[in-house]
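Database features, via TrEMBL:
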- CYS64-CYS128: disulfide bond (DISULFID)
- CYS77-CYS138: disulfide bond (DISULFID)
- CYS108-CYS118: disulfide bond (DISULFID)
- CYS244-CYS254: disulfide bond (DISULFID)
- CYS372-CYS382: disulfide bond (DISULFID)
- CYS488-CYS498: disulfide bond (DISULFID)
- 38-139: domain 'SRCR' (DOMAIN)
- 164-279: domain 'SRCR' (DOMAIN)
- 303-402: domain 'SRCR' (DOMAIN)
- 412-521: domain 'SRCR' (DOMAIN)
- 728-748: region 'Disordered' (REGION)
- 1-23: signal peptide (SIGNAL)
Amino acid sequence: MPSWCPLLCRLAMLLCVWAPCQAQSDTELPPGTPIIQLRLAGDKRKHYEGRVEVYYNGEWGTVCDDDFSIHAANILCRELGFVEAVSWSPSSKYGKGEGRIWLDNVHCSGRERTLAQCKSNGFGVSDCKHSEDVGVVCNQRRIPGFKFISSFTNSVESLNVQIARIRTSSIYSQRKRVPITEGYLEVKDGGKWRQICDEEWTEMNNRVICGMYGFPGEKGYNTKVYKLLAKRRKKNYWDFGVNCTGNEASLHGCKLGHKVELKGNATCEKGMPVVVSCVPGRAFAPSYNQGFSKAYRVEQPLVRLRGGANTGDGRVEVLKNGEWGTVCDDSWNLKAASVVCRELGFGSAKEALAGGRLGQGMGPVHMNEVECSGFEKSLTECYFNRDALGCSHEEDAAVRCNVPAMGFQNKLRLSGGRNPFEGRVEVLAEKNDSLVWGTVCSDSWGTMEATVVCRQLGLGFASNAFQETWYWPGDVRADDVVMSGVRCSGTEMTLAQCLHHGKHLHCPRGGGRFAAGVSCSESAPDLVLNAQVVEHTTYLEDRPMYILQCANEEHCLSSSAATATPSSYRRLMRFSSQIHNNGQSDFRPRAAHNSWVWHDCHRHYHSMEVFTHYDLLSLNGTKVAEGHKASFCLEDTQCEEGTEKRYECANFGQQGITVGCWDTYRHDIDCQWIDVTDVVPGDYILQVVINPNYEVAESDYTNNIMKCRCRYDGHRIWTYNCHIGGSVSSESEESSFPGLLNNQLGHR
């Protein structure tokens with residue numbers, strides 16, 4: 001046995017999972033089915049191909065190619081979230097693996113739910129060598145709505161997610177602050193918390209620890225205070241040092257230092273216990289000069305996250321030439337992900353996600369084959385292959401970052417629900433100099449407020465907001481309203497950060513059965529309008545009033561149509577709308593079948609009375625004409641290859657838009673227009689807003705709005721420079737639309 005093995009084995013005994021792996025759901029599998037995790041590994045590969053590796057009994061191993069078949073490859077690919085396998089490869093095509101060969105002579109029928117159900121020699125029973133490691137190539141298309149039930153990423157660099165169990169033991173003056181940024185570093189060994197001697201401790205070690213705790217950097221501290229305290233504290237030192245280079249995402253990537261001889265308190269004769277002091281990111285730092293700082297314009301960031309359910313999660317997007325684009329996942333790893341996280345004011349990365357795991361973006365793919373040292377200030381400073389083309393949005397890279405422990409989830413709870421993801425919202429508030437639980441007034445309560453609640457509790461996205469919760473009997477001692485007048489923009493981290501009444505509450509209906517409630521979901525849809533389709537299909541049509549009676553009944557014409565004669569004409573600006581669902585779950589109308597409204601004139605049901613708003617604005621933002629579209633038929637018109645249609649309006653069928661599909665409202669159907677009869681020639685702005693009343697929760701509302709420059713000469717109309725909200729820089733937006741300085745939608 002190598003001499004270093006005892007050290008590593010000892011460390012392995014000290015390790016515990018920092019971000020626990022969620023086991024595969026055994027409720028869906030026959031009793032006794034072994035619990036495994038899968039990954040694809042190997043060098044210079046796409047995220048959907050590689051050497052097959054299996055995590056079983058706390059150890060990663062490989063699969064032998066003996067008797068392996070396309071059936072086994074299909075099972076494996078589906079278990080990883082891909083629709084099917086394309087091929088499989090014998091003889092370690094993706095390089096030789098290490099460790100155990102867990103499976104040999106694997107026989108699958110193709111009907112199994114997991115590779116663990118297939119017949120084999122048994123786990124660990126093999127006569128193969130690693131030169132026989134099997135590899136697979138999966139169809140890169142993801143299973144729509146696939147739930148990843150493992151916290152492991154499909155990236156080799158980040159799979160050893162175990163780190164030494166550590167904590168910071170802060171001094172009294174630091175305990176009052178949130179987040180706690182400073183304190184003694186301690187490791188748990190043999191059931192006891194032990195300090196680390198600082199004789200060989202470096203700033204690079206500090207950087208790694210701070211990153212794990214959600215802080216982008218480290219800073220100095222008052223050594224005199226800690227030296228005085230150290231003399232009074234009982235010492236119990238850990239018997240190892242730690243050596244980090246500084247670019248590790250967590251302590252598990254660091255190497256063990258020298259073994260320390262234990263000689264009582266003399267263990268750290270020339271030093272003292274390690275103290276770590278970190279700098280919080282802007283979003284988590286206490287602000288004493290908020291009013292002063294708001295006087296300055298915030299610099300346009302070069303990197304952002306989109307589509308993530310929680311703070312610090314999201315698809316990575318970068319700004320290039322004034323346009324936002326995504327990053328291809330080729331070579332994407334924890335070093336690059338950590339650069340992104342620190343740049344945005346978080347700590348190091350927990351996961352580097354590939355394959356559009358947090359939703360697909362639109363527009364260009366700006367970076368591919370990104371390589372970072374880990375010390376760059378911005379992802380834009382990292383090397384990337386400028387000539388590599390061919391990446392699709394199915395390969396969009398994403399991250400999950402370490403964020404500081406703010407204790408937000410302790411100030412809010414859901415009560416009375418059938419599961420932890422739903423219930424009446426109850427807030428911990430100060431009343432008569434004591435903390436009590438109470439309800440939130442449901443007046444004006446909606447999707448944006450529910451979104452903030454779900455985020456604060458770490459429960460993902462909001463799926464519904466409720467203004468009555470009589471069916472969720474909460475704690476009767478918490479029936480009193482302690483918060484009212486809540487209005488959120490949807491970007492806040494806590495409900496307390498939203499606008500709300502102060503001490504003087506106002507809630508006519510009271511709490512109890514009328515208190516606010518929510519239901520949360522791990523995934524959400526994301527509707528995005530195809531701006532190019534609008535730009536290419538816009539035209540004018542003069543249509544006689546006598547054939548517009550149904551449209552007039554549905555208020556699809558301007559107010560002057562009320563006095564128009566049947567023989568007169570209305571001038572209509574017509575265009576097609578192609579609305580994609582780029583999210584992670586299907587878009588469904590909020591109302592059930594039984595509450596859809598029948599419109600006799602057009603002979604159809606409306607599942608959402610207002611699905612889109614169409615506005616023609618002057619260059620200073622004044623509305624000159626408007627239109628709207630009810631979702632009389634919300635269905636999958638077309639889908640990406642490999643995605644099946646689920647929703648069809650025929651025969652009073654289910655309505656919705658499947659992930660990876662789009663609904664097209666053609667230019668030649670009623671109400672797919674703006675009535676411009678009374679508009680004078682000139683330059684205008686066309687604005688289209690999807691889901692304008694936030695009736696259905698989405699993962700991203702910024703891309704629900706589209707704007708175009710528009711010119712009307714009295715005979716013809718042109719639209720140009722069309723783009724969706726958030727797709728260009730704020731400077732580009734301001735120069736194109738000087739009268740409209742932001743993409744934010746008005747809140748009800």
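Placement of Cβ uses the backbone N, Cα and C atoms for every residue, glycine included.
Mapped onto this structure are the features recorded in TrEMBL.
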| residue | record | contacts (Cβ under 8 Å, 6+ apart) |
| --- | --- | --- |
| CYS77 | disulfide bond | TYR48, VAL83, GLU84, ALA85, VAL136, CYS138, ASN139 |
| CYS108 | disulfide bond | SER69, HIS71, ALA72, ASN74, ILE75, LEU115, CYS118, LYS119 |
| CYS244 | disulfide bond | THR202, MET204, ASN205, ARG207, VAL208, LEU251, GLY253, CYS254, LYS255 |
| CYS372 | disulfide bond | LYS335, ALA336, SER338, VAL339, LEU379, CYS382, TYR383 |
| CYS488 | disulfide bond | MET448, GLU449, THR451, VAL452, LEU495, CYS498, LEU499 |
Between the disulfide-bonded residues CYS64, CYS138, CYS254, where is the Cβ count within 10 Å the lowest?
CYS254
Residue distribution over DSSP helix, strand and coil in the domain 'SRCR' (164-279):
30 helix, 38 strand, 48 coil
For CYS128 (disulfide bond), which residues of its chain lie six or more apart in sequence with Cβ-Cβ distance below 8 Å?
CYS64, ASP65, ASP66, ILE101, ASP104
Which number gives the other C-beta atoms within 10 angstroms of the C-beta of CYS382 (disulfide bond), all protein chains shown included?
18
Please give the average pLDDT for the domain 'SRCR' (164-279) in this predicted model.
79
